[in-house]
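Summarising the annotation, TrEMBL assigns region 'Disordered' to 1-156, 558-699. The feature compositional bias 'Basic residues' is assigned by TrEMBL to 40-52, 599-610, 659-675, 683-699. Under the heading compositional bias 'Acidic residues', TrEMBL lists 112-124, 134-154. Taken from TrEMBL, the feature coiled coil applies to 158-224. Residues annotated as active site, nucleophile in TrEMBL: C485.
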Amino acid sequence: MGRKVSFRDKQPSGPGRKARKQGDPKFSKEFLGASDGPKKLSHKQKKRAAKRVQKEQKFLGKKEKVKAQLKEKKMQLLEDSSDEEPSEMANGLKKGKMRQNFVSLKPPASDSELDSEMDEDMDEDAVKVGNLDDVSEDSGSEERDDFDGDDDGDLLPFEKASKKLKEKAREDKKLAEEELKLNIADQEEFKLPEEDDEEGPKTLDEVQQRIREIMRVLADFKAHRQEGKSRQEYMDVLRKDLCLYYSYNDFLMSTLMNIFPLGELVEFLEASETERPLTIRTNNLKTRRRDLATKLIDRGVNLDPIGPWSKVGLVIYSAQVPLGATPEYLAGHYTIQGASSMLPVMALAPQENERILDMCAAPGGKSSHIASLMKNTGVLVSNDANSERIKAVIGNFHRLGVVNAIVSCEDGVKFPKIMAGFDRVLLDAPCTGTGVIAKDASVKASKSQVDVQRCYNLQRKLILSAIDCLSAKSPSGGYLVYSTCSILPEENEWVIDYALKKRNVKLVPTGLDFGVEGFVNYRQHRFHPSLNLTRRYYPHTHNMDGFFVAKLKKFSDTLPPGSEPNDDDEEPFENTLSKEEKKELERQTKIETFDGKQPKKAKKDKKHIIKNFSKQINGKKTAQKPTQKPVQEKKNPKTPKAATTEIKKSSNAQDKVHQKVGKTLKKIKQKNRAFIKREQMKSIKKKGPIKEKGRNKKF
């Protein structure tokens, strides 16, 4: 049990000789109930209460003083209001005329809004009167709020009217100040630098400021343009400043300005300056993404799934270990691959037990992804023209456990002659790399019109050979996926449009849920309407490298009329070039026609022998001895330029005719030889081997 509780108050007794007894238990106030007597305050609480009383007394004294001052001021205002009314009305009319030039950005207020504003003015009159300069600044804002509300009821109607007039005068003053500021801003508008002015922006901050000013002018060109200046002049200055600020060459910057609007262009340039997040792809042949993620998290890797569109991708934010040297990487559980590189394989959608060709496979990331989706069944042919890069494909296949692949090193243009009849083909064509500027910053200054033309010619040949490798009779396939890591329409939409004209193919949906639609119109060019099924990816919108993906289906193995297997007509891209650009192309690249290279001109022999065996004398030919004469001694008459050009044209035409005749003769000879061999084989089969006469004779 316990001790009994005694609720009687006992007087404390002093300590006895023995030890002190245990005191009674103490209980909280909630348990015993509130006491009826007043609460006892501590020393600090008493001091605080005294301070509060002093503050209240001071506040009441100040309040009475301020009220007295306000009443005096109101009486003065009422006396002066009768004299000031006509002058203020006149000033209001003058200021109203000044406000005609002021353009307000807000829509005009309705009648209901005006009524509500008038009510608010009536409620806030006391506060506005309290802001006079004569009122002492000792009274705070909290004190004014306490007693201004009580003073509204004491005002008479004419007092309220005088307050409204005062408020209108203040508003007019504010509008006049704003108008003055606008006039100053109009005087300080941006002006384009003159051609003679050599002084330009000296720092990057000044260049950036001028870029912003030009973009502000171009956003509303009619309102902010400078008189006598065209839009093209602003665009030229902007292009030069962007090239200077972001270190691009003039050709690439002008091309990007044609692709993107100005606001989106700056976003693309800024996104291209920063690298994309590191991504890895899980190898489903050896592990699952969940198991791999747990192992990497245990090693101190911060990661997340790449998104709902991929079941094998992971984004790496930070890692305490190098991802290219972990035991999981060496065991082939994952490979480092960009997010945009997974999109073409997803669009291809390979199935099990199919024949698939990866025409440009190095370094093997997409090919290994195809093999994992095929589950090491069927046949995968990984081809690349570079023998050095093909070694990386073999190493990755061994590490990732790919078994169903055949690695070849052949020219993709000639591959249909080697092997054909594939169900699906993936063509990741070589390009200028304008979508991966964050990885390779040299693209900004190194790429030119010639590089784009060279890539376009190669891509056009590769896509035709890839279509020829497909089989339209395949029950599950007949699909081609074309992809590049470039954002230029010359390497993407133009190549697809060319393939649609030269082969019996059609565009089909890629199966990707996100991405920007491809161009149907680009400047003066018009492409096939089905090109909106293609997909574009940008670093500033999708946070991945710039990429282009298109999916084609072959519906017939025959060629359309007017096209040949090695068709190499003049492409529309050359028609858009200027004369200077064409001269540069001819200078830097070798132009080859269907007739082959032109024969080299024979060198002139300065010391040649001139032989004239027959010379007419009186209508008769007489033979003469050969004489040796140097060329310098002989003076040939100068022929006019027109005659020389006609001679050259005739000689070129004769050379072409001789070449064609020579080709036809060679073909006829080859046919005759083949026919003779066939006849000989037939005779051998019927009669047996021919016995030569005299072989069995004995000498």
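Each Cβ is built from the backbone N, Cα and C atoms, and glycine gets one as well.
Automatic prediction, not curation, is the source of TrEMBL annotations.
Model, not experiment: these values are computed from the prediction.
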Nonlocal residues around C485 (active site, nucleophile), in sequence order (Cβ under 8 Å, 6 or more apart):
S340, C431, G433, G435, V436, D545, G546, F547
Summed over the compositional bias 'Basic residues' (659-675), the DSSP helix, strand and coil counts are 17 helix, 0 strand, 0 coil
Do you know the DSSP helix, strand and coil residue counts for the compositional bias 'Basic residues' (40-52)?
10 helix, 0 strand, 3 coil
